[in-house]
Structures are given as structure tokens and as C-alpha cells.
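Undergrad: Pasting a structure here, questions to come.
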Amino acid sequence: MIEICQLLAASVAIMWFVILVIINVILPCVLGEESQSGDGTHWMDFWVVRLLLNLLGYATIFVPGYLLMRYLRNIRYNETAAPSFLSNLIKHCVFGNDDKVSLESAEEGGESPSGTEESQNPMKRGFTLVFCLVGLQGAYLTWGVLQERIMTFEYGKEDGQGEFFKNSQFLVFINRILAFIIGMTVIFFRRQPHHTTPLYNYSFSSFSNIMSSWCQYEALKFVSFPTQILAKASKVIPVMLMGKVVSKRTYQYHEYITAGMISVGVTLFLLNSGDVTRHKGSVTTISGVILLAGYMAFDSFTSNWQGELFKRHKVSSIQMMTGVNMFSCLLTGVSLLEQGGFFDSFAFMARHHLFVVHAIVLSLCSAGGQLFIFYTISQFGAVTFTIIMTLRQAFAILLSCVIYGHPVTFIALIGIVIVFVALFLRIYANQKKKSQKPTGSTTTTSKV
């Protein structure tokens, strides 16, 4: 009877998998491709349609996975399965590893802050800080410039009629797969804390991470890069809202005041920006605003969910990076295969070799930037990292305006200044608050 139930559960999961694969293969053929002008002559010109197709692709993994997990929990697979490589893998994915380990062994492989702060001489520490500053700024400023170049400018225009690169999901995939490889390499060579959390827990922040990145790339078709950067700066507002919902957090008065200042600054900039984008109508279209709101909402969930995993399961930053990117590669890879996105993207690469260079450098900057994030926080703490990344946002706006010629009016400039004054006031107030009580220490990081 048990064998029949197991066969039935597996059959239902496989049936759903096959149905979703068929739907995902047929729909793109029926709907066609996104046109170069994006003027609404094809169904795929609408970002909502592209989003729904991506979600159907992710459902190919999530729906059968949920059915199998529910069944395995109902039969208490972790208690009844005979020891084997496959059963151990399933247990790690669905149930986690609850074996108790001593505090010493957990700390031995962990990422505790460097402990060499006092032993390092000031000059060596200064060089380390400069190294982190240059690494973070170089990686993410280059990443920002290339992101704008890929999504908003035509390739091959000098040789005749140019064409835009259209598949945002492919960019998410190439960024994540390199980060996953680097994360696995670090785990292989460097001892990590005992891993207890079920692997499926990473899939939630992986999904939100994919969605935030996709919204970020798609938004560049409708809003200018400086607008997107300011939207990122204002994500403290949805982070606070998600913190209340997910973690039941409370906030101080200065946090509400600075959040209000950021809202005013962003509003001033948006209402006084006269730039144009790939969709030549106007900068701040309804689609652009919705996509930026989606980016902030998903990114806020990512940081709060990862914070809960850090807190409950004591995973290291590298374990978090690897687990999240593993599911990101799986989800985006399956979706791209079903939609034919790999074939279209590789064909674009064959036509435009410059895009290949841009894509490789973009991936290197994304993966390398994540490593610089973890190293900077381990050496200098979250406050120094936050200051560096806040400066990076200001430099990114300046660099984009200089390289790509985005016009900024005086009132829009005042809006930018208000946003960054609010951010630095927030950093100062938070640091002052921490200095008034004993510090304790779990640091969470989110992807940029």
C-alpha cells in the first residue's frame, strides 16, 4: 500500500511537471517574440505577458516540488528512509540536518568578524579599507554602466540597423551561475559552519531575488538609470514595511523621518526629470513605476527572509550566496529552456560579439561584488559597508549622467541631495544608537 501511495504521489508530480513544460513550450510559439520597437504590436511587447511566462516557467519547479515535499512530510520520510546518497540528499533538501553540533565546531567554520582588528597596524588596516572601497566601487559602478548599456542601447547600429537585447531573464541567469560556481569553490576550499536549514528555504529568497533583478532590468526599458538608482536608495521604505510584516520589527522616530525625506527627494527627482529611455515616450511611465515598485518589494522580502535564515540557522554568507544562486540557476535555466531563451540569446551573441564581452564582464562584476560585500562586512562591519555602497549610488548617478548624457534639472538635483542627506543621517543615527548599548552581531547582506 505504501509503495502504491509513493508511486501515485510521484506520478501526480510528474504529471504536473509535464503539463507545465508543454504549456511553457507552446505559449511562446503562439505569442511570438518581443519586437525591437516594443510598440505593442506583439503580445510579447507587454512586460506583463513576459512576466507571466517566466512565472509559469518557475511553476514547473515549484508545483511538483511542493507536491513531493508535502508527500514526503506526510510519510515522515526522514524517519523511515534507509540510508543512501539519494535519501540523504532528499533529507537535506526537505528536512534539513538537525544533528546537534557543539558551539565550538559551529564557530570554527563560521564567518566571525576578523578578530584581527586590534592586531593589525593602522597602515595595513587602511590599505585593507582602500582595497574594499576600490573593489566595491569598481565592481558595482562597472556593473551599473554595463547594465544600462546592455538594456538601453542598440547593438550593431554602426553596421546598419541595430537591435536591442531583449531577454532580461538571461542576464539574471549568467549573473547567478558564475556566483554559484564561485560560492561552491569557496565552500570546497574553506570550512563552513554546520549546515542545518532545509535547502528549499533558499528557494523563497531565490525567487524574490530573481524577480527583483528581472524588474530592475525591465525597468530600464521605461525609466532612466538615475531614476532606478534613486528608487534603490528609497527601498528602505518597503524594507521597513516588510520588516513589520515578516519579522514584526519596530522602528525609531528618526527612521520614519529619514524615510519621509527619501520619499520627498525621490518625488522631486521623478517629477522634474526630462530624460528619455528606450521607450521614447517619457521616463517615468506607469510601467516603469510598477516595475520599480516590484523591484523594491521583492528585494525587501529577500533581505528580510535572508535575515531570518541567518538568525535561525546560523548559515554563513557564502552558504547563503551559494544556496540562493543554486535555486536561481535552476529556476531561470528551466524557464529559459522552455521558452527558447537560450537559443535566442546565443544567436544574439553570435551576431554581436561586443555583447559577449559586456555579458562576461557584467557577470564577473556581479559575482566579484558579492565576494567584496562579504569580505568588507567581515573586516569592517555593516556600517562601513553601508557608507561605501551609499557613496556608490551617488557615483553611479554621476557616472551615468556623464557617460550617457542624462539631463538633470536644478530641482531634480535638490531631490538627489535630499535623498543622500537622509541616507547619511540614517547611518549616523543607527551607529549612534548602537554605540549606546553593547553590540552583538549577526550581519545580513542583500544582493545589489
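Cβ atoms here come from the backbone N, Cα and C positions, even for glycine.
Predicted automatically and left uncurated, TrEMBL annotations should be read as such.
For reference, TrEMBL lists these features for the protein:
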type	residues	note
TRANSMEM	7-27	transmembrane segment
TRANSMEM	47-68	transmembrane segment
TRANSMEM	127-146	transmembrane segment
TRANSMEM	170-189	transmembrane segment
TRANSMEM	253-271	transmembrane segment
TRANSMEM	283-302	transmembrane segment
TRANSMEM	323-343	transmembrane segment
TRANSMEM	355-375	transmembrane segment
TRANSMEM	382-405	transmembrane segment
TRANSMEM	411-429	transmembrane segment
Undergrad: Report, as numbers and ranges, every residue of the chain located at least six residues beyond the transmembrane segment (355-375) whose Cβ falls under 8 Å of a Cβ in that stretch; write 'none' if there are none.
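TA: Residues 111, 132, 135-136, 139-140, 142-143, 146-147, 149-150, 155, 165, 171, 174-175, 177-179, 181-182, 186, 317-318, 321, 348-349, 385, 445, 447-448.
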Undergrad: Six or more residues beyond either end and a Cβ under 8 Å away: which residues meet both conditions relative to the transmembrane segment (7-27)?
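TA: Distal contacts: 53, 56-57, 59-60, 63-65, 67-68, 71, 335, 338-339.
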Undergrad: Near the transmembrane segment (47-68), which residues from the same chain, at least 6 beyond its ends, have a CB less than 8 A from one of its CBs?
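TA: For the transmembrane segment (47-68), the far contacts come to 9-10, 12-14, 16-17, 20-21, 23-24, 27-28, 31, 34, 169, 200, 203, 207, 210, 214, 218, 221, 287, 291, 330-331, 334-336, 338-339.
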